[in-house]
Amino acid sequence: MVPFTDEIGMAIRLTIELAALTTIILLVLGTPLAWWLARSKARWKEVIAAIVALPIVLPPTVLGFYLLVALGPDGLGGVLSAFGGARTLAFTFEGLVIGSVIYSLPFVVQPIRNAFEAMGERPMEVAATLRASPMEAFWRVAIPLARPGFLTGAVLGFAHTVGEFGVVLMIGGNIPGETKVLSVAIYDFVETLRWREANILAAGMVVFAFLVILAMMLLERRMRQVAP
Amino acid sequence: MKPEDELSGEDAGAIDIAFSGRLGTFDLDIAFRAPGKGVTALFGPSGCGKTSVLRSVAGLQRLAGHCRLGASIWQDETRYLPTHRRPIGYVFQEASLFPHLSVRGNLLFASKGKAPREGEALRRFEEAVELLGLTALLSRAPDTLSGGERQRVAIGRALLSDPRLLLMDEPLSALDKETREDILPYLERLHETLAIPVLYVTHDMAEVERLADHLVLLEKGRVRASGPLSALQADPDLPIARSRDAAVSLAGIVCGFDADYGLMELDVAGACFILPDPKGHDLADPVRIRVAAGDVSLCREVPGATSILNILPVTIVMARAINEREMLVQLALGHGDEKARLLSRLTRKSWDNLDLTEGGPCYAQIKSAALARQ
């Protein structure tokens, strides 16, 4: 077993922190968004849905470029970071979190929206006839019934954030312990001809990706069994 | 055609409903009052707007109009209570149980999932579970239940939300015929024990005959007639009385037995019916019978030897020709003010041969075997 160098350990820790934080934020933001997309009768909701889905088709470098501008000293990021006494959100961990949230949003929102839509109107109607307020019905009926969608969304959001490269490179750069995540580290190792380290990380990612896909498939099978 | 006299004024819990609005291809304009006790059936063909009326009473759908239960106003020009603030129980056509909860969890949903520990709540829970035969199902998951079991849980769940009005939207129509026959006795028991009024939507006359006390006949978004079930069933001017399987439902009290032959005697408005007793009733049990218009024949005098056990003196209230060949005759049965109404369908030839007149006396003959319940 090759010992983990500090550099590798740091990259792994940073990646997990970034992915976990991003997933949590996405679940908090994505749930009301998915609910609105599933329930609203507004005609322009598909416009919002398209905007949410944009990162799926956009080249990550394009997204990264605009994020860089937005997060930089002349963008919104400059204004926000001024509260903390900094000049910019670019090339910071916080900047990476914002970028990852936008980049992975569709992968979390879509499965949750699908789950809310598959549920139909009836369970919420039943809950209302049993004296549950809309908020109570949401917590006691909609969330539990959409659980498979939440699991899929969380797994996809986490895995997708772990695998992101283009956006990170554009807005995060390569600062060890701050913005140097796994995918960037692998790139870096190859650039500097440290094939052994690159291999360790790459192989680790293969195993990780396999486990994620396996978990997803098992989940989906369970979903089908639960569905009536 | 407005036999609503019994509803005037003093019924404190009466249901008062008026809705209007556009529904798909037709205009709905419905207003009726229903008593604050017993089962009121909303009867009509598919697509006549009856489910929309029920959903509007529940606040699941919004139509212009008003909706009142006794003194409490759920909807009028200025007010609109959301569904969760209306003290209703709603049974949908499909049981719609929550799949993530056990039977017990479904039953206790309205009480926030907390099991009743003592007193009134516990007594009500046990009563409902017992009445609907759910004891053995409590820890099961909904997807392991049969269709009939699921619908019984749904009824129990609605009852345990402590409603002041129970709304049932064709609760049996999604079930096969056999399962329907299994559930009907539960509903009949419910009917006997329930203190709150029920609005029951159905397009099946057999359910109306067995469960309803009051009937609202709907046709293309309008109320065709509304009143006590027996009055509407026996009204020769209404299509339900003119249909081939027209019948009246009569409520009686068991008043005697003929044990040798397995027969019982039933007191209906003072008249005595004899019919088979396959269930082994007790004295003074309430029993509802269905008397089909086609099973009632008339004669001027009490006949001699006959196989027919029920030969009852009646008064002819009115007679209508339904076509060139057949007549529909409404008969009053029994003594006192509470006369029961019967319908008899006979050929015009028989009517002419017997030389009967409206207001005159005669005898109605009903085969006991025709009164036997399945």
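The backbone N, Cα and C atoms fix where each Cβ goes, glycine too.
Just so you know, TrEMBL annotations never went through curation; they're auto-generated.
Annotated domain 'ABC transmembrane type-1' per TrEMBL: A:12-218, in sequence order.
What TrEMBL records for A:12-35 (among others) is transmembrane segment.
Taken from TrEMBL, the feature transmembrane segment covers A:47-69 (among others).
Residues annotated as transmembrane segment in TrEMBL: A:89-109 (among others). Within the same chain, residues 14, 18-19, 21-23, 25-27, 29-30, 33-34, 37, 52-56, 60, 63-64, 67-68, 71-72, 77-78, 80-81, 153-154, 156-157, 160-161, 164, 167-168, 171-173, 175, 178-179, 181 sit at least 6 positions outside the transmembrane segment (A:89-109) and bring their C-beta atoms closer than 8 Å to a C-beta of that stretch.
If you look up TrEMBL, you'll see A:150-172 (among others) marked as transmembrane segment.
Feature annotation from TrEMBL assigns transmembrane segment to A:200-219 (among others). Outside the transmembrane segment (A:200-219) by six or more residues, the chain places 2, 8, 11-12, 148, 151-152, 155-156, 158-159, 162-163, 182-183, 185-186, 189 with a CB less than 8 A from a CB of the stretch.
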Chain residues outside the transmembrane segment (A:12-35) and at least six past its termini with a C-beta under 8 angstroms from it: 4, 52, 93, 96-97, 100-101, 104-105, 108-110, 112-113, 116, 138, 142-143, 149-150, 153-154, 157-159, 161-162, 177-183, 204
